[in-house]
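Take a look at the structure below.
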Amino acid sequence: MTDILYSLNEHERNCPEQIAIKHNEDTITYRQLNQYANTLAEVIKDAQSPLIVYGHMSPFMIVGMIASIKAGCGYVPIDTSIPEERIHSIIGKIQPSFILNTTEAQMEFNNCEVLDTSVFNRDSLITEFESQMKGDDIAYTIFTSGSTGEPKGVQIRYESLNEFTEWMVSLNQLGDHQQWLNQAPFSFDLSVMSIYPCLATAGTLHLVDKTMINKPKLLNQMLEEAKINVWVSTPSFMEMCLMLPNLAEASYGNLKEFFFCGEILAHRTAKMLLQRFPSAYIYNTYGPTEATVAVTSIQITEDVLAQYNPLPIGLPRPGTTLSLADKDELVIAGKCVSEGYVKDEVRSQAVFKTDKQQKHYYTGDKAVFENDQWFITGRIDFQVKLNGYRMELEEIEFQMRQVDIVKEAIVVPVYKDNKVTQLQGVVVLNNPLDIDDEQSVIHDIKQALKQVMPEYMIPRKIIFKSQFPLTANGKLDRKQIAEDVLA
Ligand code: AMP
(Lines of atoms letter the chains of each structure in order from A and count residues from 1; the text may use other names and numbers.)
(Lines give C-alpha, C1' and ligand atoms only; values in the text may rest on other atoms or scores of the structure.)
Protein backbone atom coordinates (compact mmCIF):
# COMPACT_ATOMS: atom_id res chain seq x y z
CA MET A 1 0.00 0.00 0.00
CA THR A 2 1.27 3.45 -0.93
CA ASP A 3 2.40 5.61 1.97
CA ILE A 4 3.14 9.14 0.88
CA LEU A 5 5.48 9.93 3.75
CA TYR A 6 7.41 6.71 3.19
CA SER A 7 7.78 7.58 -0.52
CA LEU A 8 9.10 11.04 0.34
CA ASN A 9 11.74 9.56 2.64
CA GLU A 10 12.78 7.22 -0.17
CA HIS A 11 13.02 10.08 -2.67
CA GLU A 12 15.11 12.09 -0.25
CA ARG A 13 17.50 9.14 -0.14
CA ASN A 14 17.42 8.29 -3.87
CA CYS A 15 17.10 11.66 -5.62
CA PRO A 16 17.69 14.40 -3.03
CA GLU A 17 18.58 17.12 -5.52
CA GLN A 18 15.70 16.51 -7.89
CA ILE A 19 13.19 19.36 -7.96
CA ALA A 20 9.95 18.33 -6.30
CA ILE A 21 7.97 21.56 -6.73
CA LYS A 22 8.43 24.55 -9.03
CA HIS A 23 6.65 27.85 -9.31
CA ASN A 24 8.36 30.45 -11.54
CA GLU A 25 11.87 30.74 -10.11
CA ASP A 26 10.93 29.18 -6.75
CA THR A 27 11.94 25.56 -6.49
CA ILE A 28 12.15 22.99 -3.72
CA THR A 29 14.11 19.75 -4.01
CA TYR A 30 13.08 16.43 -2.47
CA ARG A 31 15.71 16.90 0.25
CA GLN A 32 14.40 20.39 1.05
CA LEU A 33 10.79 19.29 0.94
CA ASN A 34 11.37 16.58 3.51
CA GLN A 35 13.66 18.61 5.74
CA TYR A 36 11.53 21.78 5.68
CA ALA A 37 8.51 19.60 6.46
CA ASN A 38 10.35 17.90 9.36
CA THR A 39 11.32 21.30 10.71
CA LEU A 40 7.77 22.61 10.63
CA ALA A 41 6.37 19.31 11.94
CA GLU A 42 8.58 19.68 15.01
CA VAL A 43 7.06 23.13 15.68
CA ILE A 44 3.44 22.01 15.30
CA LYS A 45 3.70 18.45 16.62
CA ASP A 46 1.48 19.09 19.65
CA ALA A 47 -1.29 20.83 17.71
CA GLN A 48 -4.74 19.44 18.48
CA SER A 49 -6.35 20.96 15.39
CA PRO A 50 -5.37 21.10 11.70
CA LEU A 51 -2.73 23.47 10.36
CA ILE A 52 -4.16 26.17 8.12
CA VAL A 53 -1.95 26.55 5.03
CA TYR A 54 -2.65 29.95 3.51
CA GLY A 55 -1.42 31.30 0.18
CA HIS A 56 -1.58 30.75 -3.54
CA MET A 57 0.99 28.78 -5.51
CA SER A 58 3.99 28.97 -3.21
CA PRO A 59 5.89 25.65 -2.97
CA PHE A 60 5.81 26.26 0.80
CA MET A 61 2.07 25.51 0.70
CA ILE A 62 2.99 21.91 -0.07
CA VAL A 63 5.72 21.90 2.58
CA GLY A 64 2.98 22.92 5.04
CA MET A 65 0.72 20.08 3.88
CA ILE A 66 3.45 17.45 4.26
CA ALA A 67 4.55 18.87 7.62
CA SER A 68 0.99 18.69 8.96
CA ILE A 69 0.65 15.08 7.83
CA LYS A 70 3.93 14.20 9.53
CA ALA A 71 2.81 16.03 12.68
CA GLY A 72 -0.44 14.07 12.65
CA CYS A 73 -2.76 17.11 12.68
CA GLY A 74 -3.48 17.37 8.94
CA TYR A 75 -4.17 20.61 7.11
CA VAL A 76 -6.82 22.95 5.75
CA PRO A 77 -5.74 24.73 2.54
CA ILE A 78 -6.97 28.29 2.01
CA ASP A 79 -6.27 30.05 -1.27
CA THR A 80 -5.80 33.82 -1.42
CA SER A 81 -8.97 34.07 -3.55
CA ILE A 82 -11.09 33.26 -0.48
CA PRO A 83 -12.53 36.48 1.01
CA GLU A 84 -11.77 37.49 4.56
CA GLU A 85 -15.21 36.74 6.01
CA ARG A 86 -15.12 33.22 4.66
CA ILE A 87 -11.62 32.73 6.10
CA HIS A 88 -12.94 33.86 9.47
CA SER A 89 -15.81 31.41 9.23
CA ILE A 90 -13.37 28.55 8.42
CA ILE A 91 -11.02 29.56 11.23
CA GLY A 92 -13.95 29.84 13.62
CA LYS A 93 -14.88 26.26 12.83
CA ILE A 94 -11.37 24.76 12.84
CA GLN A 95 -9.96 26.70 15.82
CA PRO A 96 -6.41 26.12 14.57
CA SER A 97 -3.38 26.34 16.85
CA PHE A 98 -1.18 27.33 13.89
CA ILE A 99 -1.46 29.01 10.50
CA LEU A 100 1.32 28.83 7.93
CA ASN A 101 1.08 32.08 5.99
CA THR A 102 3.07 31.71 2.75
CA THR A 103 2.19 35.24 1.53
CA GLU A 104 3.60 38.67 2.34
CA ALA A 105 0.25 39.81 3.77
CA GLN A 106 -0.01 40.32 7.52
CA MET A 107 -2.35 37.97 9.37
CA GLU A 108 -3.47 37.99 12.94
CA PHE A 109 -6.00 35.81 14.71
CA ASN A 110 -6.88 35.27 18.34
CA ASN A 111 -5.65 32.09 20.06
CA CYS A 112 -3.61 31.01 17.09
CA GLU A 113 0.05 31.39 16.16
CA VAL A 114 0.72 32.66 12.63
CA LEU A 115 3.97 31.28 11.24
CA ASP A 116 5.59 32.62 8.10
CA THR A 117 8.21 31.08 5.85
CA SER A 118 11.01 32.43 8.08
CA VAL A 119 10.35 29.27 10.11
CA PHE A 120 12.45 27.52 7.43
CA ASN A 121 15.36 30.01 7.55
CA ARG A 122 17.50 28.02 9.90
CA ASP A 123 21.11 26.99 9.72
CA SER A 124 20.24 23.43 10.50
CA LEU A 125 17.03 21.85 9.29
CA ILE A 126 15.68 18.75 10.99
CA THR A 127 16.71 15.64 9.08
CA GLU A 128 14.52 13.04 10.80
CA PHE A 129 10.97 13.22 12.10
CA GLU A 130 8.95 10.19 13.02
CA SER A 131 5.48 10.52 11.52
CA GLN A 132 2.58 10.80 13.96
CA MET A 133 -0.08 10.29 11.28
CA LYS A 134 -2.17 7.14 11.51
CA GLY A 135 -4.33 5.67 8.74
CA ASP A 136 -7.61 6.85 10.17
CA ASP A 137 -6.38 10.34 11.12
CA ILE A 138 -7.62 13.23 9.02
CA ALA A 139 -4.97 14.21 6.47
CA TYR A 140 -6.81 17.22 5.08
CA THR A 141 -10.08 19.13 5.33
CA ILE A 142 -11.27 20.98 2.24
CA PHE A 143 -14.10 23.49 2.50
CA THR A 144 -16.76 23.51 -0.16
CA SER A 145 -19.95 25.51 -0.79
CA GLY A 146 -22.90 24.84 1.56
CA SER A 147 -26.52 25.68 0.81
CA THR A 148 -27.16 27.37 4.19
CA GLY A 149 -24.51 29.99 3.50
CA GLU A 150 -21.84 28.28 5.59
CA PRO A 151 -19.11 26.29 3.80
CA LYS A 152 -18.78 22.57 4.66
CA GLY A 153 -15.39 21.13 5.69
CA VAL A 154 -14.90 17.72 4.06
CA GLN A 155 -12.51 15.61 6.16
CA ILE A 156 -10.36 13.04 4.34
CA ARG A 157 -8.47 10.31 6.17
CA TYR A 158 -4.81 9.52 5.46
CA GLU A 159 -5.64 5.97 4.33
CA SER A 160 -8.18 7.35 1.82
CA LEU A 161 -5.53 9.71 0.47
CA ASN A 162 -3.03 6.86 0.14
CA GLU A 163 -5.58 4.61 -1.55
CA PHE A 164 -6.45 7.40 -4.01
CA THR A 165 -2.77 8.07 -4.72
CA GLU A 166 -2.09 4.39 -5.34
CA TRP A 167 -4.94 4.23 -7.86
CA MET A 168 -3.73 7.36 -9.68
CA VAL A 169 -0.21 5.94 -9.84
CA SER A 170 -1.67 2.77 -11.39
CA LEU A 171 -3.45 4.84 -14.07
CA ASN A 172 -0.30 6.79 -14.87
CA GLN A 173 1.24 5.06 -17.88
CA LEU A 174 4.43 7.13 -17.94
CA GLY A 175 6.17 5.91 -14.80
CA ASP A 176 8.32 7.85 -12.32
CA HIS A 177 10.14 11.20 -12.57
CA GLN A 178 7.60 12.94 -14.81
CA GLN A 179 6.87 16.67 -15.05
CA TRP A 180 3.32 17.23 -13.68
CA LEU A 181 1.11 20.26 -14.14
CA ASN A 182 -1.12 21.50 -11.32
CA GLN A 183 -3.78 23.99 -12.35
CA ALA A 184 -6.24 23.98 -9.44
CA PRO A 185 -5.81 26.28 -6.42
CA PHE A 186 -5.07 24.18 -3.34
CA SER A 187 -8.47 24.92 -1.77
CA PHE A 188 -9.94 22.59 -4.43
CA ASP A 189 -9.37 18.89 -4.21
CA LEU A 190 -8.48 18.63 -7.88
CA SER A 191 -5.04 19.83 -6.71
CA VAL A 192 -4.77 16.60 -4.68
CA MET A 193 -4.88 14.75 -8.02
CA SER A 194 -1.58 16.24 -9.08
CA ILE A 195 0.23 16.83 -5.78
CA TYR A 196 0.30 13.32 -4.31
CA PRO A 197 0.60 11.13 -7.43
CA CYS A 198 3.43 13.41 -8.57
CA LEU A 199 5.24 13.30 -5.22
CA ALA A 200 4.66 9.55 -4.81
CA THR A 201 6.43 8.92 -8.14
CA ALA A 202 9.31 11.37 -7.61
CA GLY A 203 8.01 13.75 -10.24
CA THR A 204 8.33 17.52 -10.45
CA LEU A 205 5.14 19.46 -9.80
CA HIS A 206 4.75 22.70 -11.79
CA LEU A 207 2.30 25.17 -10.30
CA VAL A 208 0.13 27.30 -12.58
CA ASP A 209 -0.88 30.56 -10.89
CA LYS A 210 -3.76 32.92 -11.56
CA THR A 211 -1.59 35.42 -13.46
CA MET A 212 -0.64 32.70 -15.92
CA ILE A 213 -4.29 31.69 -16.29
CA ASN A 214 -5.23 35.28 -17.12
CA LYS A 215 -2.31 35.79 -19.53
CA PRO A 216 -2.16 32.97 -22.10
CA LYS A 217 1.27 34.19 -23.25
CA LEU A 218 2.75 33.53 -19.80
CA LEU A 219 1.00 30.18 -19.65
CA ASN A 220 2.37 29.19 -23.03
CA GLN A 221 5.86 30.19 -21.96
CA MET A 222 5.57 28.18 -18.75
CA LEU A 223 4.25 25.12 -20.59
CA GLU A 224 7.06 25.28 -23.14
CA GLU A 225 9.79 25.70 -20.54
CA ALA A 226 8.49 23.08 -18.13
CA LYS A 227 8.19 20.35 -20.76
CA ILE A 228 5.11 18.99 -18.97
CA ASN A 229 4.39 15.26 -19.38
CA VAL A 230 1.30 14.84 -17.20
CA TRP A 231 -1.51 17.37 -17.23
CA VAL A 232 -4.14 17.58 -14.46
CA SER A 233 -6.91 20.15 -14.84
CA THR A 234 -10.59 20.81 -15.18
CA PRO A 235 -12.02 20.38 -18.68
CA SER A 236 -12.80 24.14 -18.64
CA PHE A 237 -9.11 24.97 -18.24
CA MET A 238 -8.28 22.63 -21.13
CA GLU A 239 -10.91 24.32 -23.29
CA MET A 240 -9.22 27.64 -22.60
CA CYS A 241 -5.78 26.21 -23.40
CA LEU A 242 -6.99 24.65 -26.65
CA MET A 243 -7.30 28.23 -27.88
CA LEU A 244 -3.48 28.29 -27.92
CA PRO A 245 -3.00 27.18 -31.55
CA ASN A 246 0.35 25.49 -30.95
CA LEU A 247 -0.92 23.33 -28.09
CA ALA A 248 -0.46 20.13 -30.09
CA GLU A 249 1.87 17.16 -30.25
CA ALA A 250 4.16 18.81 -32.82
CA SER A 251 5.14 21.59 -30.37
CA TYR A 252 4.59 19.73 -27.08
CA GLY A 253 6.07 16.32 -27.78
CA ASN A 254 6.53 15.63 -24.05
CA LEU A 255 2.86 16.02 -23.20
CA LYS A 256 1.66 12.44 -23.10
CA GLU A 257 -1.02 12.15 -20.44
CA PHE A 258 -4.09 14.16 -19.40
CA PHE A 259 -6.30 13.70 -16.33
CA PHE A 260 -9.59 15.58 -16.14
CA CYS A 261 -11.94 15.80 -13.21
CA GLY A 262 -14.41 18.12 -11.54
CA GLU A 263 -17.05 18.60 -14.24
CA ILE A 264 -18.40 17.19 -17.49
CA LEU A 265 -15.74 16.47 -20.09
CA ALA A 266 -17.50 17.54 -23.27
CA HIS A 267 -17.25 15.15 -26.20
CA ARG A 268 -16.05 17.91 -28.52
CA THR A 269 -13.26 18.93 -26.08
CA ALA A 270 -12.00 15.38 -25.77
CA LYS A 271 -12.19 14.90 -29.53
CA MET A 272 -10.23 18.04 -30.29
CA LEU A 273 -7.61 17.10 -27.71
CA LEU A 274 -7.16 13.60 -29.12
CA GLN A 275 -6.81 15.09 -32.61
CA ARG A 276 -4.07 17.39 -31.34
CA PHE A 277 -2.37 14.69 -29.23
CA PRO A 278 -3.12 11.41 -31.03
CA SER A 279 -0.66 9.36 -29.00
CA ALA A 280 -1.60 10.72 -25.56
CA TYR A 281 -3.46 8.93 -22.74
CA ILE A 282 -6.56 10.98 -21.90
CA TYR A 283 -8.64 10.17 -18.82
CA ASN A 284 -12.05 11.39 -17.78
CA THR A 285 -12.39 10.89 -14.03
CA TYR A 286 -15.31 11.62 -11.76
CA GLY A 287 -15.75 12.18 -8.06
CA PRO A 288 -16.84 14.56 -5.31
CA THR A 289 -14.52 16.02 -2.65
CA GLU A 290 -16.43 13.81 -0.17
CA ALA A 291 -15.05 10.63 -1.80
CA THR A 292 -11.39 11.68 -2.05
CA VAL A 293 -11.18 13.50 -5.37
CA ALA A 294 -12.17 10.84 -7.91
CA VAL A 295 -13.67 7.37 -7.88
CA THR A 296 -14.18 6.44 -11.53
CA SER A 297 -12.14 6.70 -14.70
CA ILE A 298 -12.22 5.95 -18.37
CA GLN A 299 -9.49 6.37 -20.94
CA ILE A 300 -10.86 8.34 -23.86
CA THR A 301 -9.85 6.69 -27.12
CA GLU A 302 -11.09 6.98 -30.70
CA ASP A 303 -13.35 4.00 -30.00
CA VAL A 304 -14.85 5.60 -26.90
CA LEU A 305 -15.47 8.83 -28.82
CA ALA A 306 -17.15 6.90 -31.60
CA GLN A 307 -19.28 4.86 -29.23
CA TYR A 308 -20.46 7.45 -26.69
CA ASN A 309 -21.77 10.99 -26.83
CA PRO A 310 -22.07 12.31 -24.11
CA LEU A 311 -19.00 10.64 -22.62
CA PRO A 312 -19.28 8.25 -19.69
CA ILE A 313 -17.39 8.69 -16.41
CA GLY A 314 -16.19 5.09 -16.63
CA LEU A 315 -15.98 2.46 -13.92
CA PRO A 316 -15.19 2.65 -10.21
CA ARG A 317 -11.71 2.21 -8.85
CA PRO A 318 -10.77 -0.83 -6.74
CA GLY A 319 -12.32 -0.81 -3.26
CA THR A 320 -15.18 1.46 -4.33
CA THR A 321 -18.72 0.50 -5.26
CA LEU A 322 -21.40 2.58 -6.91
CA SER A 323 -25.15 2.13 -6.64
CA LEU A 324 -28.33 4.11 -7.23
CA ALA A 325 -30.77 5.33 -4.58
CA ASP A 326 -34.12 7.14 -4.99
CA LYS A 327 -34.38 9.54 -7.92
CA ASP A 328 -31.36 7.73 -9.48
CA GLU A 329 -29.03 9.41 -7.00
CA LEU A 330 -25.50 8.01 -7.21
CA VAL A 331 -24.21 6.53 -3.95
CA ILE A 332 -20.49 5.88 -3.42
CA ALA A 333 -19.29 3.30 -0.90
CA GLY A 334 -15.81 2.39 0.25
CA LYS A 335 -12.76 3.61 2.11
CA CYS A 336 -12.71 6.64 -0.16
CA VAL A 337 -15.72 8.12 1.66
CA SER A 338 -15.01 11.05 3.97
CA GLU A 339 -15.21 10.96 7.73
CA GLY A 340 -17.96 13.62 7.41
CA TYR A 341 -18.17 17.41 7.54
CA VAL A 342 -16.09 18.88 10.33
CA LYS A 343 -18.13 19.72 13.45
CA ASP A 344 -21.37 19.43 11.51
CA GLU A 345 -23.46 16.46 12.63
CA VAL A 346 -26.65 17.58 10.95
CA ARG A 347 -25.30 18.07 7.45
CA SER A 348 -23.08 14.98 7.77
CA GLN A 349 -25.98 12.74 8.77
CA ALA A 350 -27.99 13.89 5.78
CA VAL A 351 -25.50 12.50 3.23
CA PHE A 352 -23.12 10.07 4.98
CA LYS A 353 -24.59 6.72 6.05
CA THR A 354 -23.01 3.55 7.33
CA ASP A 355 -24.44 0.27 6.10
CA LYS A 356 -22.90 -3.16 6.76
CA GLN A 357 -19.88 -1.36 8.24
CA GLN A 358 -19.26 0.44 4.96
CA LYS A 359 -19.37 4.20 4.62
CA HIS A 360 -21.72 5.50 1.94
CA TYR A 361 -21.91 8.98 0.47
CA TYR A 362 -25.10 10.20 -1.22
CA THR A 363 -23.68 12.42 -3.95
CA GLY A 364 -26.72 14.36 -5.16
CA ASP A 365 -25.60 13.43 -8.69
CA LYS A 366 -28.11 11.65 -10.90
CA ALA A 367 -26.55 8.75 -12.74
CA VAL A 368 -27.29 5.81 -14.99
CA PHE A 369 -25.40 2.59 -15.75
CA GLU A 370 -25.70 1.77 -19.44
CA ASN A 371 -23.63 -0.17 -21.97
CA ASP A 372 -21.26 -1.22 -19.16
CA GLN A 373 -20.48 2.36 -18.24
CA TRP A 374 -21.58 4.93 -15.66
CA PHE A 375 -22.95 8.27 -16.87
CA ILE A 376 -23.79 11.41 -14.88
CA THR A 377 -27.10 12.81 -16.06
CA GLY A 378 -27.73 15.79 -13.73
CA ARG A 379 -28.31 16.75 -10.09
CA ILE A 380 -31.14 16.15 -7.67
CA ASP A 381 -30.47 19.53 -5.99
CA PHE A 382 -29.25 23.04 -6.82
CA GLN A 383 -25.51 22.41 -6.87
CA VAL A 384 -23.77 23.53 -10.07
CA LYS A 385 -20.29 23.63 -11.53
CA LEU A 386 -19.01 26.78 -13.19
CA ASN A 387 -15.53 26.55 -14.74
CA GLY A 388 -14.94 23.54 -12.50
CA TYR A 389 -15.90 25.42 -9.31
CA ARG A 390 -18.56 23.78 -7.21
CA MET A 391 -21.28 25.94 -5.71
CA GLU A 392 -24.73 25.71 -4.22
CA LEU A 393 -27.14 28.19 -5.83
CA GLU A 394 -28.87 28.35 -2.44
CA GLU A 395 -25.69 29.61 -0.78
CA ILE A 396 -25.43 32.46 -3.31
CA GLU A 397 -29.12 33.25 -2.86
CA PHE A 398 -28.71 33.21 0.93
CA GLN A 399 -25.84 35.71 0.69
CA MET A 400 -27.79 37.88 -1.76
CA ARG A 401 -30.70 38.04 0.66
CA GLN A 402 -28.30 39.24 3.37
CA VAL A 403 -27.70 42.45 1.37
CA ASP A 404 -30.00 44.92 3.11
CA ILE A 405 -31.71 46.31 -0.01
CA VAL A 406 -32.55 42.81 -1.29
CA LYS A 407 -35.86 41.19 -0.40
CA GLU A 408 -35.72 37.98 -2.46
CA ALA A 409 -33.12 36.45 -4.77
CA ILE A 410 -32.92 33.53 -7.13
CA VAL A 411 -29.84 32.49 -9.08
CA VAL A 412 -30.40 31.11 -12.56
CA PRO A 413 -27.63 29.10 -14.24
CA VAL A 414 -27.28 29.61 -17.98
CA TYR A 415 -26.37 26.40 -19.83
CA LYS A 416 -24.62 25.75 -23.14
CA ASP A 417 -24.00 22.14 -24.26
CA ASN A 418 -25.03 20.84 -20.80
CA LYS A 419 -22.46 23.04 -19.04
CA VAL A 420 -23.13 26.13 -16.96
CA THR A 421 -21.52 29.12 -18.67
CA GLN A 422 -22.66 31.89 -16.32
CA LEU A 423 -24.94 32.73 -13.41
CA GLN A 424 -27.65 35.35 -13.46
CA GLY A 425 -29.04 36.80 -10.24
CA VAL A 426 -32.71 37.73 -10.24
CA VAL A 427 -33.63 40.08 -7.43
CA VAL A 428 -36.70 41.63 -5.85
CA LEU A 429 -35.70 44.74 -3.87
CA ASN A 430 -37.26 45.98 -0.64
CA ASN A 431 -38.05 49.31 -2.29
CA PRO A 432 -38.95 49.76 -5.94
CA LEU A 433 -35.95 50.51 -8.11
CA ASP A 434 -35.55 53.92 -9.68
CA ILE A 435 -34.36 53.04 -13.18
CA ASP A 436 -31.53 55.63 -13.02
CA ASP A 437 -30.11 53.80 -10.02
CA GLU A 438 -29.92 50.38 -11.65
CA GLN A 439 -26.15 50.32 -12.31
CA SER A 440 -25.23 51.62 -8.87
CA VAL A 441 -27.56 49.12 -7.14
CA ILE A 442 -25.97 46.27 -9.13
CA HIS A 443 -22.56 47.58 -8.13
CA ASP A 444 -23.56 47.73 -4.44
CA ILE A 445 -24.94 44.20 -4.45
CA LYS A 446 -21.82 42.82 -6.12
CA GLN A 447 -19.55 44.70 -3.71
CA ALA A 448 -21.46 43.29 -0.75
CA LEU A 449 -21.19 39.76 -2.18
CA LYS A 450 -17.43 40.15 -2.71
CA GLN A 451 -16.98 40.48 1.05
CA VAL A 452 -18.44 37.04 1.70
CA MET A 453 -17.98 34.88 -1.41
CA PRO A 454 -15.18 34.14 -3.87
CA GLU A 455 -15.47 36.07 -7.15
CA TYR A 456 -16.39 32.97 -9.14
CA MET A 457 -19.65 32.63 -7.18
CA ILE A 458 -20.88 36.16 -7.91
CA PRO A 459 -23.56 36.26 -10.64
CA ARG A 460 -22.26 38.02 -13.73
CA LYS A 461 -25.59 39.62 -14.51
CA ILE A 462 -28.17 40.91 -12.04
CA ILE A 463 -31.69 41.70 -13.13
CA PHE A 464 -34.62 43.08 -11.18
CA LYS A 465 -38.22 41.99 -10.88
CA SER A 466 -41.02 43.64 -8.96
CA GLN A 467 -42.16 40.24 -7.63
CA PHE A 468 -41.58 36.50 -8.11
CA PRO A 469 -44.15 33.98 -9.34
CA LEU A 470 -45.13 31.28 -6.83
CA THR A 471 -45.91 27.60 -7.37
CA ALA A 472 -49.31 26.13 -6.50
CA ASN A 473 -48.05 25.28 -2.99
CA GLY A 474 -46.70 28.77 -2.40
CA LYS A 475 -42.97 28.29 -3.02
CA LEU A 476 -40.88 30.50 -5.29
CA ASP A 477 -41.34 29.12 -8.78
CA ARG A 478 -37.69 28.67 -9.80
CA LYS A 479 -38.60 27.03 -13.06
CA GLN A 480 -40.84 29.91 -14.12
CA ILE A 481 -38.32 32.52 -12.97
CA ALA A 482 -35.57 30.80 -15.00
CA GLU A 483 -37.81 30.52 -18.05
CA ASP A 484 -38.69 34.24 -17.84
CA VAL A 485 -35.02 35.23 -17.52
CA LEU A 486 -33.74 33.00 -20.28
CA ALA A 487 -36.60 33.69 -22.69
P1 AMP B 1 -16.08 18.66 -6.30
O2 AMP B 1 -16.44 18.22 -4.95
O3 AMP B 1 -15.73 20.12 -6.39
O4 AMP B 1 -15.00 17.83 -6.91
O5 AMP B 1 -17.36 18.48 -7.22
C6 AMP B 1 -17.94 17.22 -7.38
C7 AMP B 1 -19.06 17.27 -8.39
O8 AMP B 1 -18.56 17.65 -9.67
C9 AMP B 1 -19.65 15.91 -8.61
O10 AMP B 1 -20.59 15.59 -7.61
C11 AMP B 1 -20.29 16.09 -10.00
O12 AMP B 1 -21.49 16.79 -9.90
C13 AMP B 1 -19.26 16.98 -10.70
N14 AMP B 1 -18.29 16.17 -11.47
C15 AMP B 1 -17.05 15.85 -11.09
N16 AMP B 1 -16.42 15.15 -12.07
C17 AMP B 1 -17.29 15.02 -13.10
C18 AMP B 1 -17.25 14.39 -14.38
N19 AMP B 1 -16.16 13.79 -14.85
N20 AMP B 1 -18.37 14.44 -15.15
C21 AMP B 1 -19.50 15.06 -14.70
N22 AMP B 1 -19.58 15.69 -13.51
C23 AMP B 1 -18.50 15.67 -12.70
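In case you wondered, yes, glycine gets a Cβ from its N, Cα and C as well.
Remember, TrEMBL labels are computer predictions, not curated facts.
Annotation source TrEMBL lists ATP binding site at Thr144, Ser145, Asn284, Thr285, Tyr286, Gly287, Pro288, Thr289, Asp365, Lys475. Neighbour count (other Cβ atoms within 10 Å of the Cβ, all protein chains): 25 for Pro288 (ATP binding site).
Summarising the annotation, TrEMBL assigns D-alanine binding site to Asp189, Val293, Lys475. Sequence-distant contacts of Asp189 (D-alanine binding site), defined as residues of its own chain at least six apart whose C-beta falls under 8 angstroms from its C-beta, comprise Ile142, Val154, Ile156, Thr289, Thr292, Val293.
TrEMBL lists 11-341 with the feature domain 'AMP-dependent synthetase/ligase'. Here the domain 'AMP-dependent synthetase/ligase' (11-341) has a mean pLDDT of 96 out of 100.
When the domain 'AMP-binding enzyme C-terminal' (395-475) is classified with DSSP, helix, strand and coil residues number 27 helix, 27 strand, 27 coil. Taken from TrEMBL, the feature domain 'AMP-binding enzyme C-terminal' applies to 395-475.
When the neighbouring Cβ atoms lying within 10 Å are counted for each of the binding-site residues (Thr144, Asn284), the highest count belongs to Asn284. A Cβ distance below 6 Å to any atom of ligand 1 is met, among the binding-site residues Pro288, Val293, Lys475, by Pro288. Non-local contacts of Tyr286 (ATP binding site) by the CB criterion (under 8 A, 6+ apart in sequence, same chain) comprise Cys261, Ala294, Val295, Thr296, Ser297, Ile313, Gly314, Trp374, Ile376. In this structure, Asp365 (ATP binding site) is part of a beta strand by DSSP. Geometry remark: Asn284 (ATP binding site) versus Lys475 (D-alanine binding site), CA distance 38 Å. Between the two most distant C-alpha atoms of the annotated ATP binders (Thr144, Ser145, Asn284, Thr285, Tyr286, Gly287, Pro288, Thr289, Asp365, Lys475) there are 38 Å.
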